[in-house]
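These come from TrEMBL:
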DOMAIN    109-503  domain 'Major facilitator superfamily (MFS) profile'
REGION    23-92  region 'Disordered'
TRANSMEM  140-163  transmembrane segment
TRANSMEM  175-196  transmembrane segment
TRANSMEM  202-222  transmembrane segment
TRANSMEM  229-249  transmembrane segment
TRANSMEM  261-282  transmembrane segment
TRANSMEM  325-350  transmembrane segment
TRANSMEM  362-380  transmembrane segment
TRANSMEM  392-411  transmembrane segment
TRANSMEM  417-438  transmembrane segment
TRANSMEM  450-473  transmembrane segment
TRANSMEM  479-499  transmembrane segment
Amino acid sequence: MSAYTFAAFLDSPSEDTRIADLPPVLPKDRHSISTPNDIELGTIWGDRYNESGGASLPQGAQTPGRTPHGAQTPKTPNELEMSRPPSPKRDEAANLVQSWSNPPMNKWRVLSACLVYFGNGMTDSATGAVIPYMEKDYNIGYAIVSLIFVTNAAGFILSAFFTETVLQRLGRAKTLMASELVLSLGFTMIVCTPPFGVVVTAYLFLGIGAAFNLALNNVFCANLARSTVILGIAHGSYGVGGIFGPIIATALVSKGVPWSRYYLVTLGVRLVCLPFVGWAFWRYEKEAPVQLMSALERTASRRAAVEAGEPTNLQLLKQALGNRVTVFGALLIFAYQGAEVSISGWVISFLINYRGGDPAKVGYVTAGFWAGITLGRFTLSHAAHRVGEKLFVYLLIAGATAFQLLAWLIPNVIGDAVAVSILGLLLGPIYPCAQTIFTRLLPRRIQMTSISFISSAGSSGGAVAPFTTGLLAQAVGTFVLHPVCIGLFVVMQCCWFGLPRVRKRTE
């Protein structure tokens, strides 16, 4: 059924109306105004009618019921289909951009993402505060304790291959709930103060759970209107958790409480997140962005997709890995998160060994670092829109490099603490700005796969860099933290320069 026939059916007269009763339409010039059949109207009527404003029939158009002189009517179903323009593909439809308040449930979804990131921040930031006590309890050195970073990254890497599959099978709400269950399992293992091998395994589960919720929430927030600001708020919540984590952990262990009991707090946060994310995203698929296609076009698009064959998950992964944005984005986030976790994990050991700091006091320096990250994401992220994300990130990385040098060269604890806090302030907005640029540059069909891979690469950096720092610290001292981080900042600048220019979406 053509578009014209379908419209005529909707506007057809009632049963009591006879066609014979309708006034005849007689053209003045049979040669200039002939009658098109339904099929021809499906190809010419829409565009020409719109151009003419609907006032009159276009030149050469025909009234239903006649066939132009010399024209042949298509006879087979294939010919009928070929006489129509190609159906729009699913990825060619324009999405209506959602905002944080439209649909109204998005407010709760953004809030749930903030709570999830808050819990992630409490987990990641406390590691540096508990490492000295972990080494003492298990009688291990820097190199061995660094294995927790390796298994955590392994969890992120493993999840990158299954995120899209699990999301398609379970849906967003159940996938997020599953990630919270996996995180809860990991914390339960640590709370029992098991042998160190079990702790290392627990960090594998922590990596898997965090990777799922990070990928899904990043894609959700990045596709909302004013995504840089929303991502800044969401990842600012991660920074808030980063502030509370080392403060609570340091307060507990300095009073003689076993270091593992701190993870009862993070376990409680995950148990709150579990029902919250399920409730917030339960009807998410039904409220997905409306595509600007008619019902007939969506049906034709689905039929064409079935005939052409939808890309498999493996094909999507290959497309993502072959995309320039994915590769440079993964390297950039690898370096960024490597520097972030290295500073958070080893700056306390540096202050104890080279500045004579008291472990019960310098543990709060990490809280200052995460406070800077939080403040930067809540405040400086807004300036990114005015300056432009590309230029803004260049300036932030250059400033971070300068303050990393100051933290290395200033020979006292207070000066180092201030430099580390400002360093966090400058590093904070980089992640949400980068995620916004990645989402703008990536084709929509591979966004989830690419963002998952980028997140796993970031966690890999969060393992490789601190693990390498630990190995070098075991050999020459913890001062190597600073040259390692400066080298990572240089890599970030190069990768940011290698990204293509942001262009307007055509999807």
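Cβ atoms are placed via backbone N, Cα and C, with glycine included.
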(request) Could you check if the transmembrane segment (202-222) is in contact with the transmembrane segment (325-350), meaning 3+ Cβ pairs under 8 Å among residue pairs at least 6 apart in sequence? (result) no
(request) Examine the transmembrane segment (140-163) against the transmembrane segment (229-249) and state whether at least 3 Cβ pairs sit under 8 A, considering only residue pairs 6 or more apart. (result) no
(message) Could you check whether the transmembrane segment (392-411) packs against the transmembrane segment (479-499) - three or more CB pairs closer than 8 Å, residues at least 6 apart in sequence?
(response) yes
(message) Which sequence-distant residues neighbour the transmembrane segment (325-350)? Criterion: at least 6 residues beyond either end, Cβ under 8 Å.
(response) 124-125, 127-129, 131-132, 142, 149, 242, 357, 359, 362-363, 365-366, 369-370, 373, 400, 407, 416, 420, 423-424, 427, 430-431, 434, 438, 441-442, 446, 450, 453-455, 457-466, 469-470, 473, 478-479, 481, 484-485, 488-489, 491-492, 495-496, 498-500
(request) Looking only at the domain 'Major facilitator superfamily (MFS) profile' (109-503), report the model's average pLDDT. (result) 86
